[in-house]
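Positions annotated as domain 'NACHT' by TrEMBL: 98-241. According to TrEMBL, the feature repeat 'ANK' maps to 574-603, 604-636, 640-669, 670-702, 703-735, 736-768, 769-801, 805-834, 838-867, 868-900, 904-933, 934-966.
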Amino acid sequence: MLAMTDNSPVNNQLQTQATDISLFSNCSKFIIGQSTINVVAGNQYNTQSGGNDNAEWIKAPNPFENFNAAYPKIIEGTGTWLLDHESFQKWKSNLNGSLLWLQGKAGSGKTFLCTNVINNLRKNCTIFFYYFDTRDKIKVDYQGFISSLLCQVAKEAIEKGNASAQIELEKLYNSSKKGDFLVAENIEATLVNLVMTMGTTYVIMDAMDECAEEYQDKLLALMDKLLMKLKNCYMLVSSRPHIDMAHKEVGIISLDNQLSDVGISSDIKKYVDTKLQKQRAWSPELKAEIKDTLVNGANGQIRWVDCQLTALDEIKMPKRVRKALKTLPKTLQETYGKILEQVKEELRDDVKTIFQWLLFAYRPLTIREVQHILAIDVEEEKFMPEDLLENIETELHKVVNSSLVVIIQASIENDMWEKQTVMTVQLAHPSVKDFLLSEAAMQSVAGYFQMNSALAHEVICQTCIVYLLCCGQEAIGVEKFALVHYASKYWFLHSNQTKEECSAILDLSCKFLSATQPAYYNWLNVYTPDTWDNKPHNIAQPLYYASYIGLKSVVVYTLEKGADVNAQGGYFGNALQAASEHGNLEVVRALLGKGADVNAQGGHFGNALQAASSNGHLEVVRALLEKKADVNAQGRFYGNALQAASYNGHVEVVRALLEKGADVNAQGRDFGNALYAASLHGHLEVVRALLEKGADVNAQGGHFGNALQAASSNGDLEVVRALLAKGADVNAKGGYYGNAIQAASLIGHLEVVRALLEKGADVNTQGGHLGNALQAASCNGDLEVVRALLEKGADVNAQGGFYGNALQGASCNGDLEVVRALFEKGADVNAQGGYFGNALQAASYHWRLEVVRALLEKGADVNAQGGHFGNALQAVSEHGDLEVVRALLEKGADVKAQGGYFGNALQAASQHGDLEVVRALLQKGADVNAQGGNYGNALQAASWNGHLEVVRALLGKGADVNAQGGVYSSALNAARY
């Protein structure tokens with residue numbers, strides 16, 4: 001499983017093949033209800049891009065990048081010892097799920113071992129995985145991690161026809177304003193709800209110790225939650241040994257204890273052999289000496305071995321190689337120190353600059369960006385095009401050693417918030433970062449390269465502003481500046497990480513943020529920091545952006561120069577709302593001190609108080625209230641400040657607003673009222689605080705109609721109980737689901753369903769998208785909820801809703817046990833109604849072969865008419881499942897039956913392009929020239945979609961090439977369209 005940096009042409013080609021695919025897009029793509037993420041291609045993972053209707057809204061890191069980067073480097077035959085390890089087999093065979101911890105020191109090959117496990121399990125298991133990676137800030141962020149898992153889980157759930165996945169995603173989508181305001185709490189809740197519907201699940205997390213320290217507790221808590229709630233969740237994590245998981249029931253494989261000939265040492269030997277095969281100039285005796293020396297000195301660290309091989313390869317001469325073998329550094333830290341000692345003095349500044357940027361940049365840097373960084377003279381405030389390194393791909397490693405820095409493909413966001421795959425410069429391994437930030441780097445010459453965070457951010461910020469000022473020169477085209485997008489997006493974030501008293505940054509910032517400065521307008525044309533869509537909505541004055549960014553010194557300077565504190569403009573309307581939204585307390589105070597109107601209306605939130613309340617900035621809220629902010633002022637996004645704080649779960653802000661007289665029952669906007677907003681996301685303490693102040697538990701409003709339905713849809717049992725205890729009407733009608741029990745049933749929240757039934761919920765009440773609770777539970781495939789409802793007298797044949805009845809919903813989902821449970825209670829197999837007309841058509845359309853057979857055995861009419869596709873045979877032909885087609889034909893399906901969207905089965909199969917289905921239908925006597933349906937005839941349908949082999953098959957059976965009809969009049973017109 002071992003592999004390291006290899007710049008050979010073969011390996012470079014493998015990397016190109018692995019990462020040149022369109023991967024994951026770093027934004028999941030969903031039509032609500034249809035995922036287009038991740039299709040497996042060989043041993044590499046790929047992503048299919050969706051159509052124009054897809055919404056890119058879950059901005060998630062791409063774990064497939066890491067998989068595709070690691071997999072091609074794996075040496076054949078390595079890592080198999082882990083798959084055979086007793087602890088691994090015990091973990092995999094545990095009937096109730098379990099946690100396995102692969103622990104090892106830096107550079108011991110954990111990533112490659114995890115990659116091998118992923119590749120092994122994905123063939124037969126439902127698997128989700130993630131690689132934490134300190135080289136990319138978003139990949140160490142907790143929200144990035146859960147967003148990535150959510151994308152994978154949602155894709156899997158939707159492919160399996162899980163209706164609750166569509167509902168959960170739609171709820172998250174709507175609650176986050178189409179993804180603009182996604183928060184970790186809501187993403188996590190959606191993730192947990194979806195994972196609970198998945199059955200046996202494997203979750204692999206590599207380098208868990210690289211998750212940012214402030215998120216480690218959240219990560220461990222989520223692991224606990226998944227392992228506790230799911231009896232069939234198998235979790236494998238890798239990390240260094242220092243992570244505190246002692247309190248968990250965890251199996252441990254310590255790589256330090258796997259140094260035998262059947263463990264890590266065996267892998268290292270295979271790795272060294274593979275690398276030495278390329279060294280034809282070295283004698284077998286020298287290779288044997290190198291192998292023995294490296295294997296004996298590795299101490300289980302393949303990374304150390306790789307660095308020594310790279311160094312020996314640079315020496316080349318056998319006599320010098322033998323000499324070097326006697327003085328090899330003993331540790332990784334010594335290795336890095338030795339490499340840095342060899343940096344030429346004239347290159348030290350450039351090397352240090354590269355390290356500063358690679359360590360503290362907010363995303364991976366492209367190779368052209370690094371090229372431009374090295375050509376910026378901060379002291380002279382100049383960008384020097386003549387200093388650009390030519391052939392940067394080859395010249396970079398003449399500046400900095402390839403054991404420390406590598407050039408690899410990665411996806412980064414461009415100025416249009418779209419992902420593009422480019423060549424990036426990154427640290428070769430996380431241990432390089434550890435060394436540069438360690439005390440060990442202070443020793444000898446290497447001390448020059450030790451990194452100081454505040455100083456590095458200061459240097460980067462100055463570099464960015466100087467670069468942007470150079471871009472502001474009218475004679476220079478912005479498109480020529482490779483660093484312009486990074487500098488525009490991140491300069492102020494680096495500024496916020498520096499010391500407040502940095503006069504150089506203050507001077508540059510004031511020079512840059514000026515209404516008379518062309519660079520200022522160029523910056524806003526490239527990037528607008530206050531908008532989510534990166535489009536200027538109303539360009540504001542420099543004071544506004546300085547306030548939003550949080551540059552207090554610049555704000556004070558600008559105000560002293562006479563800036564209008566109440567000037568309108570920008571996404572948030574004015575400087576005070578912008579500063580309040582970002583929680584910039586000192587800036588807020590400065591603005592208020594200069595007469596900012598605390599109740600000024602406008603902007604995204606309507607007023608400053610709602611902006612601060614939405615994000616939980618308690619001290620800012622208090623500062624605004626002290627200045628007489630109107631606590632009940634109505635605003636645009638949430639309706640009022642109390643609703644904003646309640647929706648986001650900020651209980652202290654809620655209390656502060658209530659103490660100042662906030663109307664607990666005020667109505668407004670999408671969430672109806674504060675209690676509804678809090679209930680929707682399970683904020684129990686907020687719910688209690690609102691109820692204590694007299695919140696109307698049965699108030700109507702919002703997408704789900706009332707607080708109880710909102711809480712039920714979220715599956716939060718404690719909130720549901722709190723609302724019921726205060727008199728919530730368990731049978732209140734309205735909202736998307738019609739009533740609370742339907743909401744809980746659809747998502748599969750069994751305990752909530754029971755709580756509602758205990759309080760008298762009417763199991764047969766009609767209404768909502770799915771008609772009734774039983775249909776909702778059936779289409780979700782939740783057997784326990786279905787049984788609970790049936791035990792309480794649910795009408796198994798009740799009509800209504802999207803699917804018409806419960807059996808059709810269950811058939812669509814494909815859960816055979818639910819179908820059988822409904823049959824046991826007398827479900828009518830031929831009941832008509834709903835989108836698909838009957839259960840057989842629903843099961844056929846979704847390729848549910850076993851359900852189709854079960855329905856036919858119960859007497860389903862194979863030729864029943866109705867529904868969108870007219871009959872079951874047309875429904876399955878449109879999707880191209882040959883086995884279901886054969887099952888229907890064996891039971892006497894009429895191959896010539898007319899009706900439905902496509903007119904007949906042959907036209908449906910022809911538009912889909914499934915040649916085998918077309919042939920099966922023709923063999924059974926399908927009329928090749930039958931008229932009707934959207935395309936008029938089968939030939940036109942195949943022609944429009946460009947299915948050449950189907951066209952040939954139809955022509956071979958006598959299809960009339962000049963037949964008229966359909967939306968394109970003829971096959972020729974359809975082909976031309």
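One-based numbering along the chain as shown.
Placement of Cβ uses the backbone N, Cα and C atoms for every residue, glycine included.
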So which residues does the repeat 'ANK' (670-702) touch in its own chain, when a touch means Cβ under 8 Å and the partner is 6 or more beyond its ends?
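Residues 174-175, 185-186, 189, 638-640, 642-643, 645-651, 654-655, 658, 664, 708, 710-711, 713-714, 716, 718-719, 722-723, 726-729, 732, 734-735.
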Looking only at residues six or more beyond either end of the repeat 'ANK' (574-603), which have a C-beta under 8 A from one in the stretch?
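Apart from its flanks, the repeat 'ANK' (574-603) reaches 530, 540, 543-552, 555-556, 559, 565-568, 609, 611-612, 614-615, 617, 619-620, 623-624, 627-630, 633, 635-636.
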Other than its close neighbours in sequence, what residues sit by the repeat 'ANK' (934-966), given a CB gap under 8 Å and a spacing of at least six beyond its ends?
901-904, 906-915, 918-919, 922, 928, 972, 974-975, 977
Are there residues at least 6 beyond the ends of the repeat 'ANK' (868-900) whose Cβ is under 8 Å from a Cβ of it, and what are they?
835-838, 840-849, 852-853, 856, 862, 906, 908-909, 911-914, 916-917, 920-921, 924-927, 930, 932-933
Which residue counts does DSSP give the repeat 'ANK' (934-966) for helix, strand and coil?
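Result for the repeat 'ANK' (934-966), in helix, strand, coil order: 16 helix, 0 strand, 17 coil.
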Tally the residues of the repeat 'ANK' (769-801) by DSSP class, grouping H, G and I as helix, E and B as strand, and everything else as coil.
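The repeat 'ANK' (769-801) comes out at 17 helix, 0 strand, 16 coil.
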